[in-house]
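*Asks:* Take a look at what TrEMBL says about it:
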- B:12-34: transmembrane segment (TRANSMEM)
- B:100-311: domain 'ABC transmembrane type-1' (DOMAIN)
- B:104-127: transmembrane segment (TRANSMEM)
- B:139-161: transmembrane segment (TRANSMEM)
- B:181-203: transmembrane segment (TRANSMEM)
- B:242-268: transmembrane segment (TRANSMEM)
- B:288-314: transmembrane segment (TRANSMEM)
Amino acid sequence: MTDAAIATRPNNRSYASLTLRRFLKHRMGVLGAVVVVLLCFSALFAQFLAPHDPLLINTSQRFLPLFASWEFPLGTDDLGRDTLSRLLFGGQVSLMVGVVAMLATMVTGTLVGLAAGYYGGVVDNLLMRLVDTLLCFPQVFLLLVIAAFVPPTILSISLIIGLTSWMEVSRIVRAQVSTIKEMDYVQASRGYGASNWRIMLVELMPNILAPVLVAATLKVATAVLMETYISFLGYGVQPPMASWGNMLTNAQGYFDTVPFLAILPGILITLTVMGFNFLGDGLRDAFDARLKMDL
Amino acid sequence: MRSDLLGYVVRRILHSIPLVFGVSVIGFGIMHLAPGGPLSVYTLNGSITAADIERLRVSLGLDQPLHVQYFGWVKSMLEGSWGYTLFGGRPVLDVILERLPATILLMGTSTALAVLIGTLLGVLGAVRRYSIFDYLATTGAMLALSFPTFWFGLMAIYIFAIELRWLPSGGMYDFGEEGNVLNLLQHLILPLLVLTLVLVASWSRYARSSFLEVIQQDYVRTARSKGLSGSRVLWRHAFPNAVIPLIALLGVQLPTLFSGALVAETIFSWPGMGRLFVDALSMKEYSVLMGTVMFTALLVILGNLIADIAIALIDPRVKLS
């Protein structure tokens, strides 16, 4: 190794590796990441992990208790369906909705925020008044009204959640963009004759990626919660397909006799939401050295 | 009182007008552009023919062009009826106002409790930063924010109503006990618990960061170095400045509060606006849905207006221009 190589070595610690080191020190963040990875794994491989068909009805084996047999480790529900398999496939639905809704949220929020922050003036004014107006509606009300009128599929539910929750993201992006766009390097790029699109996507986007990434993680958490709300109220994923929300609705009827049917999906929802929340918190602290533990 | 305050209040009210207009357009648009439309519920009913639906469409004015319908609806709102219910034909506003007291009781008490407990937790967490208490409080808040509210409600019903039989599982009064305050309080406890938990969690997080920011400022250090006691510095010097941003938060959080109340009311059959909304949803009673959505949105605008004016009154640093 030459002297020059040794001398430059400390500088090789890139922004990414510094961020990673900071993140690994954030205990709850790492815990969140582990939970998220495990959940994603179980959702991706639900087909192979599930011991039974989640829709298979077996009326001779209704309401089997927890840990009673190796065949049905988490018991069965009112139709004799295997709880473990339904939980695994329900998780697949929840995470799918969470991720697709997050993508819809982030794409809409980022585009609106970019346009408002970059163009300013009338565009900014109109878009931000639209955001103000939409934020006046309680999200659950808006969500349920639309969900009740639209035939529920996984895609439509995800899009409805996404399209009713992008407003905060657009505010975050707009705030970032309107400060960054005045910087010299952006002006220089404009001087070279770069198009508006190029400036927005190539010059501005990478610099607002950190807050967008944090928001995206937290949005998965809220989207998962929202899906369980609308499924619980009967406007989301429809039976017999399993989702954690509609499993809870179903379990409500047998609450006094077999409470675990309601406890299990609830624990998994909480775990998922918490995992993404802690991961998002950890990422925020890691990206922004100043923020540390505050909020 | 500052002389320019009145001007600020008037300007702030004028600023809300486009917001009210936007809310009405969006609310109206969502209901009418929804696939199926407001009468789709009748197509499922075998005894109603296409000709009947057509007659309904005409009698409800749904055959008119959209802008005519919109102005007709705005007119009904200004006249105070807010449209009529499809089943029973009562003015929507009457139906909503009938349910409002129950919702206000639930939201008001839980907000008051949450502000009290949350501020206390936030202050203690900020003062003893990184202590075990702080760690437990922030982690606990995160946990509470990750609970699905309705699941927490179901668990509360299971434990306190089914297993222990201490509290009723839903409703506002037992049969024949209407008006009995003690009976009302018994019914209030569980929905209150569920709604307050979520509010305390978010409130304590905001209070903590607001106090952290204030107690690190120079004037607080000055007060301490003057030899004032820790508690005096905290409550007399830091508290007023840390609380101001939290007042704005009360307004901003109003939509979340409504969403939480909707969930709590649904689980505990609490006869408030949220319950009305969910019931109207299952009947596809669009005039009630539109009315409730508009009512909550208008309350949110009003809440933010009041919060802003309150801050302008309290905080001399706010620029009124």
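Cβ atoms are placed via backbone N, Cα and C, with glycine included.
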*Asks:* With CB pairs under 8 Å as the measure, which of the listed stretches B:12-34, B:104-127, B:181-203, B:242-268, B:288-314 comes out on top against the transmembrane segment (B:139-161)?
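*Replies:* That would be B:181-203.
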*Asks:* What stretch, picked from B:104-127, B:181-203, B:242-268, B:288-314, has the most CB pairs under 8 A with the transmembrane segment (B:12-34)?
*Replies:* B:288-314
*Asks:* Do any residues, 6 or more residues outside the transmembrane segment (B:181-203), come within under 8 Å Cβ-to-Cβ of it, and if so which ones?
*Replies:* 105-107, 109-111, 113-115, 117-119, 121-122, 140-142, 144-145, 147, 149, 152-153, 156-157, 160-161, 167-174, 246, 249, 253, 256-257, 260-261, 263-265, 267-268, 270
*Asks:* By a Cβ-Cβ criterion of under 8 Å, what residues six or more beyond either terminus of the transmembrane segment (B:104-127) are in contact with it?
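*Replies:* Distant Cβ neighbours of the transmembrane segment (B:104-127) are 133-134, 137-138, 141, 188, 191-192, 195-196, 199-212, 215, 234, 239, 242-243, 246, 250, 257-258, 261, 264-265, 270, 272.
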